[in-house]
Structure formats: structure tokens, C-alpha cells
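A short worksheet on the structure shown next.
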Amino acid sequence: MPRTLDGQITMEKTPSYFVTKEAPSRVCTMNCQTKLIVVVRDPVTRAVSDYTQTLSKNPGLPSFQSLALKNSSTGLIDTTWSAVRIGLYAKHLENWLQHFPLSHFLFVSGERLVSDPAGEMGRVQDFLGLKRVVSDKHFYFNQTKGFPCLKKPEGSSRPRCLGKSKGRPHPQIPSEVLQRLRDFYRPFNHRFYQMSGQDFGWD
């Protein structure tokens, strides 16, 4: 990480940190005072989105249900598949809480980031001890992508939106497979709500 002067904040974004077993101890070795922002979303939607992204790069991928289920007749969920395993937020948080207190975390709702980006960004600014500068006036909703985008920043010729890999339509997944996943995640979600002190309302 670059050197940070007093009055500066250095930020770094890596989606895999939260789910990588060795990451908490490595981050703490660097600086145990680090503040951690984790964006989470409904783990079922997250798994489908993960699959959709992989499918776009690898069109020969087996079906979602054949990857999510160990056995279609028993309906057991395959937790070795990363798209499923990543959504076990309570398990990942347990690992992080061995190195960092809960007060060092801000959990951002992926759903609210879409429905109320300024509200969630307000929470982020407060958590980082920043003056609230980013507000509603900085966002507009892009109908094509289905996501909010940043309005044209000063000195830029166009607005900032999420890349091409975001906002693509999801494949049709059998409703019974989605229901099995919801049932599977429910106890993990409730444990995560208890641990984080936030109810994300995923079920």
C-alpha cells in the first residue's frame, strides 16, 4: 500500500479479500486499525450473478443447477462451488472477527446501493469520518443497465457507469432450485444478521 499522510485516506478494493482465509491476518499484519467496507447482497442473487458472469466468458459451462446441486434427486447444495461458498457471509465474517473488532466493519447492502445509492454512500462517508459530499445529485438511474450511474464528473466527457460485465440479464433458473438455495442460505443469513447487527431482509 502507498504511504498515507495525515488527513489522507488510502482505499483499495478487492472482492476476494472477504472470502480468502489468509486475508484477515495479512491485512492486520499491515495495519490492525484498517477500516473494512464489505458490500453484500442476497446470496442467491449473488450466486446467479456470479454464474452469469462466468457463463459470458465460458459459454460451454454446465447448467447452474448442475453446479449448485451435488445431486439433483437429493437436492443437496454443493458448497465446494465458489458461487455458492462466497455467499456464506457468516462463515467469512467469523474468520475476520478473529483479527478485527466489529466496529471496524461497515456492511453495505448491495440492494440499497442500487435503490438508494446516495443513502448508502452517506453511510460510507460517515464511517470513514468524511464530510458528506456525495449525494442524490451525483447519481442518475441507467434504465438499460438497471443500475445507478455517477453523473458526468467535472473534466470528463461522459458519466461513469459500471462496466459491460455488470447489469447483463440472468439466465432462467428453475424456481425449485432457487428455493432450495434460499432454504440452504436462510440459517447462514440469520447468523450473519446477528453477527453484523443488520437485517438485510433477504428472506
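Glycine is treated like the rest: Cβ placed from N, Cα and C.
Nobody curates TrEMBL annotations by hand; they come from automatic prediction.
Annotated 3'-phosphoadenylyl sulfate binding site per TrEMBL: Arg41, Ser49, Lys166, Gly167, Arg168, Pro169, His170, in sequence order.
As annotated by TrEMBL, disulfide bond applies to Cys149-Cys161.
What TrEMBL records for 30-186 is domain 'Sulfotransferase'.
Per TrEMBL, the feature region 'Disordered' maps to 153-172.
Of all the Cβ atoms in the protein chains shown, 12 others lie within 10 Å of the Cβ of His170 (3'-phosphoadenylyl sulfate binding site). Taken together, the residues in the domain 'Sulfotransferase' (30-186) have a mean pLDDT of 90 on the 0 to 100 scale. A distance of 17 Å separates the Cα atom of Cys161 (disulfide bond) from that of Pro169 (3'-phosphoadenylyl sulfate binding site). Each of the binding-site residues Arg41, Arg168 was scored by the other Cβ atoms within 10 Å of its Cβ; the lowest score goes to Arg168.
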